[in-house]
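Peer 1: Structure in structure tokens, see below.
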Amino acid sequence: MSCVVKCLFPGGDVCVSGHDSGPVFEEQPSGLIYPEGLSEGKVTLSCQARASPAASYRWLVNGSDVALGLDLRYTLVAGSLVISSPESVRDTGSYQCLAINRCGTIISRAANLKFGYLHDFPPDSRSPQTAYEGMGSFVACQPPPHYPALSYRWLINEFPNFIKKDDGRWFVSQVTGNLYVARAEPNDTGSYFCFTTINMDISTKSTFSKANQLTVLPDGTEATSAPNIKVRFPAETYALAGHTTPLECFAYGNPVPKLRWRKVDGLMPSKAGASAEGPTLVLPELSFDDEGVYECEAYNSEGSDTYQGRISVQAQPEWLQVMSDSEVEISSELHWSCVDRVEVNGARLKISNLALEDSGMYQCVAENKHGTIYSTAELRVQVQAPDFRSNPVRKLIPAARGGQVMIECRPRAAPKPSLFWSRGTELLTNSSRCLTSDGILWIHNISRADEGKYTCFAENYLGKANSTGHVSVRDATKITLAPSNADINQGENVTLQCHASHDPTMDLTFTWALNGVLLDKENIGDLLIVNTQLSQAGVYTCMAQTVVDSASASAKLVVRGPPGPPGGLLVKNVAETSVELRWSRGYDNHSPIGKYIIMGRSSLSSQWKKMRTDPVNIEGNAESARVMGLIPWMDYEFQIIASNILGSGEPSVPSQTIRTQQAAPTVAPSGLAGGGGDRNELIVTWTPMAREYQNGDSFGYILAFRRKDATLWTVARVPHVESSRYVYYNESLTPYSPFEVKIKAYNRRGEGPFSQIAVVHSAEEVFQVSTVNVLCVTCGTQIRYWRQHEREAAADRVRTAGLETTARVSGLRPSTRYHVAVLAYNSAGTGPPSPRTTVTTRKPPPNRPPGNVSWRTDGSLVIMRWDHVKAMHNESAVLGYKVLYKHEGQNSLKVLDKGKSSVSLPLPKDNGYVVLEIRSWGDGGDGPAHEIIVSRDSGETLKKHAPELCVVCYNDKIYREWEKQLSELKFIDL
């Protein structure tokens, strides 16, 4: 905090007491950011003060006077400063407004005028980048010079094709602007543009980078990988209280990692909301309770990665105590305090032996690196002869017999006057009545003899004054029937009675209070409480009162009910299947606690249920118990409910969520079966284990199998919890051989028990029949196809029946190399495959219809025009356009070369309408269509087209010729 600032009124003007007042700001300037280069605009810095007489204004910039009247660019409108044609070099700075009248001067908070700018990205081309399928990568934004901070988005290929925020594979850092992908895919190949935006007070500006060419190469292994955090928030973040603080965290991994946050040293603030499950943790309205260590965890089926960092909360100054306007008599002493939340020196102002010239406006300034605050007050030093006009002695002073009365004497005077009292012509002293040093007269044990006129005299060196009041004695108010103590059960009714006597010349009112707090009840003596609740127990006070005096009486109401909630619930000694709970007793509500029950719920259910405990029955004097029968490696929370003979109370606040310790699996997977598949394969299937049976992380399956007549088991490990199938391949396997199989689960802590043995058969006999038999059994052709980097065992399949020689395979990826093999099959299995053939699908057609489509009629013709479609680097070239003409169920198609951008078509002779569709076409197929309806109105629809791959194979009816014919396999890409 800086030193105290004293601002005196200028010149010889006099501030008139009771009429004038010093300036008080109603509006102060605020900092703003003005766009650099916008020279024809204006900046207005607001300033307005309430004052009498009206204030005049001056402005400072960086501590020096603004040249009002000398520089025509500066104009004063009321108290506000208007800067025309602002310039960064001349006008950047810290501005303050001074409001002035004859009572004093005050200075406003500082407002910083800054200039914002965003330069263009460099024109240089950016180096192309390569990524691999299944692996993480990033593209750097490298933003141009700018002020203030930017917001970032990314375009792919063209505007406005922005990368979506809700796509978990992608993340755009708002710190660096870089674009991250957790797991790249081949169709991510494209041109990426960093799109930056700057927001200023009066405008917004955006610009985007040159293309960042990203090529994603296929990876033959397509291996999975555990998360690896690549975007990390700072290890130490200093944040300002009241502001929003974002923390960024993003990881590479396959499968795409999920993210979750926790506060290591406390509970995650609820204000984080859904952001606690995403890449950016957002903490709005930051407070000091939010300080601590935060952890980001990225996890998938392969493992997890964590990162921690601390948030330290700082704050600009904040007043806990401010100065207030003061009127102080001359020659006395002034004490002013302005206390900041942080303990500092110089927070108190003391002025001794005040003089008239000490009057004026004063400001206390507290500042740190985060900001500056001002506290303003006006000091008026008073000099005045005694005057009772604004505060005379009360004219009529009623007083109750036997009671007491206080009569105040408070004239305006400076310096402080001498005070004394008289009754009639009798001068009163402390021997006859009680007189205080500040002029208050007390009359105790009042009787009729105390009635009469009482006069206060005030005198200082500037003059004298007096004021008189009349004391009138009345009968006292007394409670004649007091309320009685009561003891009831919750839900019952009770009446508390209260009667009183009083002076008949005065009105009597009744009020009731519960534990000293007034009740909002009608003016009645008796108080009826219906369906009494525990919260209504306590001391009830009845008060009967007149304007002269009052009388009161109290009674205690005891309400018995079920116990209150236990407190201080803690979870201790967490084991695999049990935890220890400790708690403190709640209120018994005047009926002893008989027992406790423990409720719990896991992350698998939102419903609370009664838990099994040790001891089974928890007595009312217990403060701990053990919860049994829990599931290992499971999240739980608990609550305690106390009960007595009147019922069960409210549950305690839930405990913090805990996770039980890991343990080896205790049950075997179910649904063990299998069979089928291709030659030389043994396929085993099972039901994946549910979360409640996993008991730990690093979970997987151990499969054991053997021929039914063998003694040794073959063992295989399947490391993924979601796995439900295992394929064993061995060329020595005989068709339809019985195998004994069994399965068990494992995790980080060990292995579980094996399941019961099941019998599963290997694949059936393959197709090896004569030509005659081919015609007598169900047979056909099977096409297997798989991507170049995939294993043949993972191939997709298409089957044809009978002697079909073609098959259409759809749903393929564009620009992708596939292996293809063809096999004959029957009900017993498949025959040997043909030699493998490789084919590469075309690039996809452009995903945009022709643009700027328009039409006009010319006699009996309609002429349609359009803009050419330009293919991107990852799209197939446009070879021409197709125009579909539809009228009354009749369709005709015109195919045009790529140089055409218009076509003339006949109009119907009747008053009907025609539908025209225009789309591009090329090696990759047809693009989406733009549709128009030619009539009195026109409309548009968008239709899509997907490429297909047609596989044609030549097959003879004679099986012996299969091998020869299959070598002639051909592919047609439509």
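Backbone N, Cα and C atoms are what each Cβ position is placed from, and that goes for glycine too.
Summarising the annotation, TrEMBL assigns domain 'Ig-like' to 23-114, 122-209, 227-312, 386-474, 477-558. Among the features that TrEMBL reports, domain 'Fibronectin type-III' is placed at 565-663, 668-765. What TrEMBL lists as region 'Disordered' is 826-854.
Help me picture where these features are in the structure shown.
Peer 2: Each residue in the domain 'Ig-like' (23-114) gets a DSSP state, and the totals come to 4 helix, 52 strand, 36 coil.
Confidence over the domain 'Ig-like' (122-209), given as mean pLDDT on the 0 to 100 scale, stands at 91.
Shown for the region 'Disordered' (826-854): DSSP residue counts in helix, strand and coil, namely 0 helix, 11 strand, 18 coil.
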Peer 1: I'm a bit unsure how to read this: which one of 23-114, 227-312, 386-474, 477-558 has the highest number of Cβ pairs shorter than 8 Å with the domain 'Fibronectin type-III' (668-765)?
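Peer 2: Out of the listed stretches, 227-312 contacts the domain 'Fibronectin type-III' (668-765) most.
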Peer 1: Could you tell me whether the domain 'Ig-like' (386-474) and the domain 'Ig-like' (227-312) are in contact, taking contact to mean 3+ Cβ pairs under 8 Å with a sequence separation of 6 or more?
Peer 2: no
Peer 1: On the DSSP side of things, how many residues of the domain 'Ig-like' (386-474) fall into helix, strand and coil, could you say?
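Peer 2: Counting residues per DSSP class in the domain 'Ig-like' (386-474), I get 3 helix, 47 strand, 39 coil.
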Peer 1: Provide the three-state DSSP residue tally for the domain 'Ig-like' (227-312): helix first, then strand, then coil.
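Peer 2: Here the numbers are 11 helix, 50 strand, 25 coil.
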